[in-house]
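Taken verbatim from TrEMBL:
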| type | residues | note |
| --- | --- | --- |
| REGION | 1-37 | region 'Disordered' |
| TRANSMEM | 48-69 | transmembrane segment |
| TRANSMEM | 81-100 | transmembrane segment |
| TRANSMEM | 120-138 | transmembrane segment |
| TRANSMEM | 145-164 | transmembrane segment |
| TRANSMEM | 170-189 | transmembrane segment |
| TRANSMEM | 201-217 | transmembrane segment |
Amino acid sequence: MASAASDAEKGRVENLTGNGGTRGSTDVEEYGPRSGDPVSYQRYPSHIANPGPMGLFSFASTTFILSLYNVGTRGISHPNVVVGMAIFAGGLTQFIAGMWEFPRGNVFGATAFASYGSFWMSYATIFIPGSGIMAAFTNPQELNNAIGIYLISWFMITVFFLLAVLRRNVAFTVLLSALSVALLLLAVAEWNGMEQLQKGGGVFGIITGLIAFYIGVSELLRAEPRAVARLPLGLLHT
């Protein structure tokens, strides 16, 4: 028991057998606080599989779809179709991924997935007529100002997440940097009504979605013992 506790404190995870929780002697996952991988990092022994790919794919697909709308792809100017994705994929599924990260001891993964899952569910609620949110504003500019403040708040949160991965993970650093720029441009676009800024935010959102897809595929392949390929994430071991 003392040995198991020591390993947990070092962020190393030993696989457990199904017979009474007896510790095996091999297959120690080399993830830890200094592994550079905030998604796969698992601090405590757990039978829960890595929920990272699920959370990343949910985040990536919702971000990618909304960003295509923001740049006016195929003449689309109303983002309402993304509401279902934002509630169930980017919202609920990503939030669940965050909850599963907690028993694994992954503070970054749990906080990021749960936070962005909440972001998408709250964003979708704005566009649901029954919520009464949009109907409460009689002045369109007041609504735009309110949404701008909402987006700038999430820009700040994203910068905080960025600080946690700097000098640890190149892929996540690029991902959160692109997302920060996207949120900042979209917030300013809400305030001044400049279509160019909205499209710029959409472009950076598309980049964010594609990077998130890449990281999700990388994590998915890492979980397979006979994967056809391995995609590097630029982990910085410090």
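Note: Cβ is positioned from N, Cα and C throughout, glycine not excepted.
Worth saying up front: this structure is predicted, and the values here are computed from it rather than measured.
With a cut-off of 8 Å on Cβ pairs spaced 6 or more residues apart, the transmembrane segment (48-69) and the transmembrane segment (145-164) reach fewer than 3 such pairs and are scored as not touching. Counting residues 6+ beyond its ends, the transmembrane segment (201-217) has Cβ neighbours under 8 Å at 39, 52-53, 56-57, 59-61, 63-72, 171-172, 174-175, 178-179, 181-186, 189, 231, 233 in the same chain.
Through the fold, the transmembrane segment (81-100) approaches residues 48, 51-52, 54-55, 58-59, 61-63, 65-66, 69, 109-121, 123-124, 127-128 of its own chain, all at least 6 residues removed from its boundaries and within a Cβ separation under 8 Å.
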